[in-house]
Amino acid sequence: MNIKEGKINNSQLMFLVASFMLGTSTFIHFMDTIAFHDSWLAILTAFVICIPFVLCYSALAKRFQGKDLIQINDIIYGSFLGKIISILYIVYFFLLLSLNLKGLGDFYVGYVMPETPKPVFIIIFALVCAYTVGHGLEPMARISHLTVTYAIFVITGTFLLLYSEVDFTNFLPIFELPIKDFIQSVHIVAAIPFCEVMVFLMVMPSLNNFGEVNKYMLLGFALGALCLLVISVRDTSVLGTSSFISNNAAYQTVRIIEIGEFFTRIEIVVAMGITICLFIKICVLYYITLASIAQLLKLKSYKTLIIPIGGIAIIIAFIAYDSIVSHNYSAKNYHVFYTIPYQFIIPPVSLLIAKLRRLPKRKGRELI
Amino acid sequence: MFNYLKKIIHYKKAITKHTNNLDDEKDQGVSLTSHLDENLNMLKNILGNSNDIIIKLLNIGNNHDYKGALVYIDGLVDKTMLYESIMRPLQNEMSCSKDCSNLTVLDRINERLLSSTNIDNVSKIKLLIDNILTGNTVLLLDGSNQALAIPLQKWEKRSIEQPVTESVVRGPHQGFTETISTNITLLRRIIKNPDLRMESYTIGDQTNTNVCIVYMKDIVNPKLITEINTRLDRIKTDAILESGYIEAFIEDAPYSIFATVGNCEKPDKVASKILEGRAAIFVDGSPFVLTVPLLFIENFQSTEDYYSRPYFSSMTRLLRFVSYFITILSPGIYVALTTYHQELIPTQLLFTMAAGQYGIPFPSAIETLIMLIIFDILREAGIRLPKPVGSAVSIVGALVLGESAVSAGLISPFMVIIVALTAISSFVISSQTDSAAILRYFFLLLAGLFGAFGLIMGFLFILVYLASLRSFGTPYLLPISPLSMSGMKDTFIRAPIWAMLKRPKTIGKYNLNRQTESYMKPTENNRNINDE
């Protein structure tokens with residue numbers, strides 16, 4: 001499989017983005033412990049703040065049509081500095097991949113099957129991801145709309161079933177939060193679920209049509225953000241203050257559903273939704289890591305990298321952090337700052353330099 | 001290792017080259033001579049002493065001037081016709097003056113005497129043999145280096161009957177037979193259009209089986225036909241006994257458990273597929289006609305969907321999807337619930353199930369596995385048994401294995417329900433019974449090992465696998481993935497016929513319009529047609 005073999009279309013990109021963001025929904029709950037019942041406000045604010053950045057990513061992809069992030073770095077920063085930036089990016093992608101794999105294991109051990117050891121989940125999940133990535137970008141893009149449809153179905157379904165439990169007074173009082181905490185929670189939402197879509201700079205080169213990439217990127221982003229917002233509103237309105245005690249509010253919320261003594265304990269439906277959205281997310285991250293390494297090393301195909309990179313990612317997923325608490329602590333205090341250059345500094349600067357230097361230059365039809 | 005492989009490949013290439021050369025020489029062939037005895041000797045040498053090959057010497061003309069011979073295979077030829085339209089005219093009615101040369105005699109026979117159509121002049125011995133073997137009667141004449149091949153085929157064949165695999169309540173009841181000409185006629189009678197094109201092939205070094213590609217010229221994607229041609233040309237085998245052989249040689253994913261080449265037994269179904277832009281492959285000797293490309297969704301469609309009202313067909317179609325999921329997933333889900341996720345079962349039900357499972361010696365995964373294997377054995381035993389014995393099998397299966405196993409405390413009654421449900425549902429999707437049987441065990445294994453997580457992973461794996469499959473360039477999961485909104489009219493529901501204005505987007509893209517909007521509400525005048 002060539003690195004850029006397999007084309008996706010705009011709507012597939014949109015669903016991939018939305019699915020990618022939904023995959024994160026289970027990992028950002030620690031944000032609630034800062035923002036409490038104002039987390040929906042944090043999500044809304046972060047959404048507005050992130051729009052220009054998302055547009056910046058898609059503008060970059062549109063400007064350098066068919067060039068991925070590694071090539072763009074080479075063009076803008078020259079081959080030496082560009083390579084260094086690319087390596088930093090690869091480390092970032094790889095870290096995201098391992099941490100998400102770890103998050104999946106944590107979720108299953110914590111909520112679904114507590115007696116099974118974590119490596120079982122991580123290894124099997126990684127194997128299926130490796131199989132998918134081996135087929136290139138197309139299969140995961142083709143099933144992404146199914147995962148988004150399922151997620152939307154579950155979110156609206158549980159909201160309706162929980163109608164009797166919904167209490168909107170749980171949101172009161174609004175804006176009780178100190179401004180410092182509010183900014184921190186906005187930053188967490190912006191950095192972890194939202195601006196992680198920056199990794200799509202490695203996916204967008206495979207688009208078959210760059211005309212409307214801005215629109216579809218933004219649509220996907222809005223769809224994902226809307227789902228996260230609805231999830232947050234549902235959890236807070238149903239659980240109220242107890243929402244912040246549990247580590248996975250979505251799961252806790254759905255457990256409450258009890259209709260006619262038969263329709264109970266349907267949280268496995270939520271577990272399925274989390275798993276398949278996370279599947280898309282991890283597959284995308286896996287693909288991106290492989291594609292960027294292959295591009296950096298100028299390999300023709302990334303197939304030889306699938307097993308070694310997957311293996312290392314699995315090992316890091318085993319050993320990273322002792323517990324969920326330390327993971328959350330690190331995500332809250334270090335990870336969000338670690339991502340700042342990758343998400344908020346380098347892409348806008350790249351776009352600015354490209355505009356100033358009138359890049360990319362054209363040689364005939366080829367971009368150089 | 002690699003060197004070894006290289007050697008093998010080289011060797012194979014050399015062999016194919018060699019055989020190709022041989023074929024070429026054969027094609028050149030030996031020509032007929034102008035002596036009857038020599039020609040007959042040559043034929044005897046090639047055909048041997050088989051007693052069904054008849055060589056009948058006769059004297060032609062009312063004066064018995066010319067010596068000739070008829071060669072045919074007993075049983076492939078219509079004897080009355082042979083006598084009425086060849087032997088009698090040749091021997092009695094032929095009048096020819098002496099000055100005719102032998103060559104013109106053959107032409108005169110052809111023009112004046114023989115009433116049969118499609119008569120060929122043959123001058124090569126190989127063609128002659130081919131003609132004899134396909135059932136033509138060959139007329140040789142002394143002094144002529146040509147021969148006449150007269151088609152008078154007639155053999156015992158099955159009449160047109162209702163197909164066993166796809167019986168319908170509403171719609172045409174006739175199915176294909178084993179004879180390719182009959183099958184093509186059945187199709188011609190449905191599509192009366194000059195654009196219905198056919199391309200013939202002979203495949204199989206030993207069997208020389210007729211294979212025919214049928215398509216609509218202005219609807220089909222021309223690249224599809226070239227692709228089929230190249231794939232059929234690649235087949236180098238000695239025997240084609242059924243269309244399944246062709247399927248195995250031309251399918252995209254030979255290791256897949258899902259078929260990527262469709263087959264069906266009903267002319268109306270093949271006609272509808274051809275009219276959507278697919279191509280059909282008829283194989284002589286098989287009532288099953290192949291259609292390409294195949295989409296996964298076609299397994300859930302039935303011809304009867306289109307002949308009955310849309311609401312009911314939509315409902316049955318959804319039911320088919322549900323039964324497919326039941327048949328592949330229900331044993332797995334049962335095992336996952338009882339082994340790993342008892343908390344998800346409603347309390348009342350859990351008590352009942354626990355009471356049923358009390359005293360059962362096996363864990364539920366093993367229990368399910370045993371019952372599924374027993375079901376598969378019963379099914380396999382039931383298919384090929386003569387009918388009177390079949391009822392014995394069902395009694396043994398239902399009473400002894402079901403009832404007694406439960407009362408003996410070997411399996412739980414709930415298990416019997418699950419297996420029965422699985423079994424019944426598997427017959428709803430008859431064309432996917434084979435893949436479903438394998439998937440069932442696959443999901444059972446995953447559920448037994450990893451519970452719900454295993455099921456989800458297995459499901460995602462199968463989904464990705466299906467999404468990566470292609471059948472003759474068409475994504476297998478179309479129109480679900482990649483999503484095609486126009487295709488959705490005929491996927492989970494079946495829209496009214498007049499609303500399906502377009503052909504499937506990928507398959508019929510060369511001629512997308514099926515019809516213009518032609519459904520009309522009754523006009524004002526017509527509405528009150530019975531009012532005075």
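Cβ atoms here come from the backbone N, Cα and C positions, even for glycine.
The transmembrane segment annotation in TrEMBL covers A:12-34, A:40-60, A:80-99, A:119-137, A:144-162, A:182-204, A:216-233, A:268-293, A:305-324, A:336-354.
Only pairs six or more apart in sequence are counted, and the transmembrane segment (A:12-34) with the transmembrane segment (A:336-354) gives fewer than three Cβ pairs under 8 Å, not enough to call it a contact. Of the Cβ pairs linking the transmembrane segment (A:182-204) with the transmembrane segment (A:305-324) and spaced 6 or more residues apart, fewer than 3 are under 8 Å, so the two regions do not touch. Contact between the transmembrane segment (A:80-99) and the transmembrane segment (A:268-293) holds: at least three of their C-beta pairs are under 8 Å, each pair 6 or more apart in sequence. Here the listed stretches are A:40-60, A:119-137, A:216-233, A:268-293, A:336-354, and the one with the most C-beta pairs under 8 angstroms to the transmembrane segment (A:305-324) is A:119-137. For the transmembrane segment (A:336-354), the neighbouring stretch richest in Cβ pairs under 8 Å, chosen from A:40-60, A:119-137, A:144-162, is A:40-60. Taking every recorded stretch in A:119-137, A:144-162, A:216-233, A:268-293 and counting its Cβ pairs under 8 Å to the transmembrane segment (A:40-60), the highest total belongs to A:216-233.
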